[in-house]
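Notes to accompany the following structure.
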Amino acid sequence: MSTKHVVIYITGGIAVYKAAQLVREFVKAGAQVKVAMTDAAQTFVSPQTFAVLTKNPVYTDFSANQQREFVSHIELADWTDIAVVVPATANIIAKMALGIADTFVSTALLATAAPKYVIPAMNEKMWQNAATKRNLATLKNDGIAVMEPAEGFLAEGYSGKGRMPEPLDIFKWINNLSAEKQDLAGRKVLISAGPTVEPIDPVRYLSNHSSGKMGYALANAAAKRGAEVTLVSGPTRLTKPAGVKFIQIQAAAELQETMEKNFSKSDIVIMAAAVSDYHVDQVAPQKIKKNGQDLELHLVSNPDILAGLGQIKKGQILVGFAAETENLLANGNKKLQKKNLDLLVLNDVSRTDIGFNAEDNEVRLLRARREPRLIAKSSKDQIANQIFDEILNLA
Ligand SMILES: Cc1cc2nc3c(=O)[nH]c(=O)nc-3n(C[C@H](O)[C@H](O)[C@H](O)COP(=O)(O)O)c2cc1C
């Protein structure tokens, strides 16, 4: 928790006073905490309480604050590793479900891409209302974690469901859900990513549109889950993932040599690089001058690196990627078998909203003698984690 930036959004329920204790739990655990409050929340407890506990000014509206953030809702959203809404009123739950951005709190929440944790607290009748149930189902469907309220004595003077759970229980719930799994600890993972670049002459080359995002997401995910990661990458614009051994390559031949050299000491090998199928037979030693004539290049087939690794495999889990535009499953299954793979990640590159260069992807995971598993459209980071979940199922 000590490295985390936690933003606590406090909305106007009677349980606001208990949020102070939760803020203390996060501060005690070493997190950096910032608080934002709705107008209704401020009628229950003064922002000063939270400013003192967090040693940070409290966000109450859009005006430039003491930190001189002029677009403060976006700055706060970008700073966030974890967003917690506590106590979450029926009102903020409805706004989050609909994407309403009419106050600082609702706008910053809409702008936040980090994981969100919602702790509803309200009167039992509001909790039971069909609209609240519908809105909570929408939040869960959007990937937001919702904590069940406790049953017990309500502020209204009777017992029922809707009570905010105890701050320490909330802290433990969030801590458990947000902890990075270390289930790849001790595994050596070798990943190739990005395009290869086949030279024509000293200034020109043949390549492809691979951004490297999927391979880098895999390297990041594996490193976070405790693996010892080697990333072999063609040229990309991406930042090298932290805590990863990085090897830069250019041509397919160099990629092949590097992968084969590192293969025997790896447990899991993933070929996510988009390897050129051909290279230029005779690379010109000097820049080819234009002379008004057409130019013919003789292209020679590159070796199938993945199939080669499949042949020398001894206990490694070998994962390939396939980009197909037609007969997806039939072509994918053929590759799985022919290349002796344990898992094939199948991309439909006929779609422009996923795959090459896109932020999101939608893939099918193919395994021998199993039904293909569809991973619905989601971020490449999420897909990467699902691929490792599947790999761990294989092992
Ligand atoms: C004394 C009092 C207690 C309230 N307690 C709750 C509550 O526990 N949960 C809730 O959803 N709304 C509660 N409300 C109603 C909210 O304050 C109201 O819906 C408000 O518009 C919420 O605004 P916000 O979501 O922007 O904070 C309470 C109102 C009052 C006056």
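Numbering starts at 1 and runs along the chain as it is shown here.
Each Cβ is built from the backbone N, Cα and C atoms, and glycine gets one as well.
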Site co-member for CTP according to TrEMBL, given D277, K287, P303, D304, I305, L306, K335, K339, out of F246, F321: F321
Within the predicted model, mean pLDDT of the domain 'DNA/pantothenate metabolism flavoprotein C-terminal' (184-393): 92
Among P303, F321, K339, the one of these binding-site residues whose Cβ has the fewest neighbouring Cβ atoms within 10 Å: P303
Cβ contacts of I305 (CTP binding site) (under 8 Å, same chain, 6 or more positions away): S192, A252, L255, Q256, M259, M271, V275
